[in-house]
Amino acid sequence: MSSQSLHDCLRGRCLGVLRRMEIIGRFRYYFQHPWSRLLVSYLVTFFNFLIFAEDPVSHSQKEAHMSVVGNCFSFIISKYPAGFWSVLKVLLWVLAIICGLIAGKFIFHRRLFGRVLRLKMFREDHGSWMTMFFSTILSLFIFSHIYNLLLLMSVRMRPYMVTEYMGIRNESFMKMAAVGTWMGDFVTAWMVTDMMLQDTHYPDWGRTARHLWRQGHNRIVLFWTVLICLTSVVVLVISTDWIRWDNLNRGFLPSDEVSRAFLASFILVFDLLIVMQDWEFPHFMGDLDMNLPGLSTTQLKIRLPVCKRIFKEEYHIHITGKWFNYGIIFLVLILDLNMWKNQIFYKPYEYGQYVGPGEKIYTVEDPDTLQDFNRSMLTWEWRSTNIDPRTNQTFNQSNAI
C-alpha cells in the first residue's frame, strides 16, 4: 500500500512538472512569437513620437538639464573658458575617455562580468563595446567633478563650472532626442523584422514574405530606402515645426502628468521587452548570429595596426549583430529614462511654463525674460493681470499654449 502511495505521489509530481513545463512552453511560444515581437518593437516607435508630441517640456525655452549625461555633454561640448583652462579641460576629458575605455574593458567586462559574476552574455569579448561606452560616461562624470575642483582655484572661473545644465534650450534638446530615439527605434524595429524574416523558429509564419525577403539584395535595398526616406521626413517635420501636434490633435486626446508618466513607463517596459523577447535571452548563446541592419554580414571587423615592436600583434574591433542592435536599445533607454524622469517630476515653473484655464499649459517663448521671472510670476493670475511694457499687452498674450 505504501509502495502504491509512493508511486502515485511521484506520478503526481511528474505530471505537475510536465504541466508547468507545458505552461511555460506555451507562454514562451506566444511571448516570442513574430507578431508579438513586431507589435512591441513598432509600438515603441509610435509611443516615442506620441510622448514627444504631448510632452510640454519639448516646448520649453529654458536651459536643458540631464543628470550625469548633462555633465558629460557640458564637459565636452560647452562652457569652454579661455587660455590655459580650455587646454586643461580638453586634456581632462580626453584622459577621462581613455580611462573609461580601459576600465570598461578590463575591470567591468573582463573581471567583473566575466570572472566574478560569470555572465554568459559577456563571454569572451561579447558586449565589451557597450560596457566600455557606459564606463566612459561614468569616467567623464567623475573627471568633470575633478575639473570643477580645479576651477575653484580661481573665482573668475565659477561661471565655467560643469553642471547638468547643457547650454542648449529644452526645445532644441528634445528635438535632437526625438531624432535620436527615432533612429534607434527604427533600427531596432527593423532588426526584429529582419530576424523574423530570416529565421525558421516559426516555420509556418510569413512564408511568402520570407521568400521575397531572402531573394537577392531585397532586404538591404529596402532597409536603406526606407531609412533614408523616413528619416528625411522625420527630421524635416521635427526640426521645422511644419506639423504642430496641438493643431492636429485639438484636444481630442488631452494628456496630463499621470497619463504621460504611464506612457513613459510603457516605453521603458517595451524597451526591455524587445531584449527579453529574443529567442536566446538571457545568455545569447545560440548559433544564430544575425546580419547587421542594411548589411550582408553578421559582424564588422576593423583591423587596428599598432606598434609591433611593443605589442607584437594587431588589434581587431569586432561588432556582432546582436550586440550592435541591442546596444542601440540601451542608448535609447538613456533618453527614455530622462523622458520618464521629466514626466514623473514635472513642475511647470521649472521649465518656464504655467497652467492656465482648462488645465492648459502655457509656455513663455522669450528665453531672455525668464531670467527676470520668479516662481510667483509664472502663474496665470500674475501674467493675465500684469502689462508687458515692451508690447503694452498682458504677459500671457505673448505665450504659446
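In case you wondered, yes, glycine gets a Cβ from its N, Cα and C as well.
The topological domain 'Cytoplasmic' feature in Swiss-Prot is assigned to 1-37 (among others); the stated evidence is similarity to another entry. Confidence annotation: the topological domain 'Cytoplasmic' (1-37) carries a mean pLDDT of 72 in the model.
For 38-58 (among others), the entry in Swiss-Prot reads transmembrane segment.
Among residues of the same chain six or more beyond the topological domain 'Extracellular' (59-81), those with a C-beta under 8 A of the stretch's C-beta atoms are 89, 92-93, 96, 137, 140-141, 143-144, 147, 157, 159-174, 334, 338, 341, 350-353, 363-367, 370, 400. Look at Swiss-Prot and you will find 59-81 (among others) tagged as topological domain 'Extracellular', backed by similarity to another entry.
Sequence annotations record features per position, and here Swiss-Prot assigns transmembrane segment to 82-102 (among others) based on sequence analysis.
Taking DSSP states H, G and I as helix and E and B as strand, the topological domain 'Cytoplasmic' (103-131) has 21 helix, 0 strand, 8 coil. Here Swiss-Prot flags 103-131 (among others) as topological domain 'Cytoplasmic', drawing on similarity to another entry.
Marked as transmembrane segment by Swiss-Prot: 132-152 (among others). Same-chain residues lying 6 or more positions outside the transmembrane segment (132-152) and placing a CB less than 8 Å from one of its CB atoms are 68-69, 71-72, 74-76, 85, 88-89, 92-93, 95-97, 99-101, 103-105, 107-109, 158, 160-162, 327, 330-331.
Annotated topological domain 'Extracellular' per Swiss-Prot: 153-176 (among others), in sequence order. Look at the topological domain 'Extracellular' (153-176): DSSP puts its residues at 13 helix, 5 strand, 6 coil.
Feature annotation from Swiss-Prot assigns N-linked glycosylation site to ASN170 (among others). All protein chains considered, the CB of ASN170 (N-linked glycosylation site) has 26 other CB atoms within 10 Å.
The transmembrane segment feature in Swiss-Prot is assigned to 177-197 (among others); the stated evidence is sequence analysis.
The annotation topological domain 'Cytoplasmic' is assigned in Swiss-Prot to 198-219 (among others).
The annotation transmembrane segment is assigned in Swiss-Prot to 220-240 (among others).
The annotation topological domain 'Extracellular' is assigned in Swiss-Prot to 241-260 (among others) on the grounds of similarity to another entry.
Taken from Swiss-Prot, the feature transmembrane segment applies to 261-281 (among others), supported by sequence analysis.
Annotated topological domain 'Cytoplasmic' per Swiss-Prot: 282-316 (among others), in sequence order.
Residues or ranges marked as transmembrane segment by Swiss-Prot: 317-337 (among others).
Per Swiss-Prot, the feature topological domain 'Extracellular' maps to 338-401 (among others).
Listed by sequence, the residues of this chain that lie at least six past the ends of the transmembrane segment (261-281) yet keep a Cβ under 8 A from its Cβ atoms are 31-32, 36-37, 40-41, 43-44, 47-48, 50-51, 54, 188, 192, 199, 201, 255, 288, 322, 326, 329, 332-333, 336-337, 339-340, 342-344. The residues of the topological domain 'Cytoplasmic' (198-219), classed with DSSP into helix (H, G, I), strand (E, B) and coil, number 11 helix, 0 strand, 11 coil. ASN392 (N-linked glycosylation site) sits 21 Å from ASN374 (N-linked glycosylation site), counting Cα to Cα. A Cβ distance under 8 Å defines the sequence-distant neighbours of the transmembrane segment (220-240), meaning residues of its chain 6+ beyond its ends; these are 52, 175, 178-179, 182-183, 186-187, 190, 194, 293-296.
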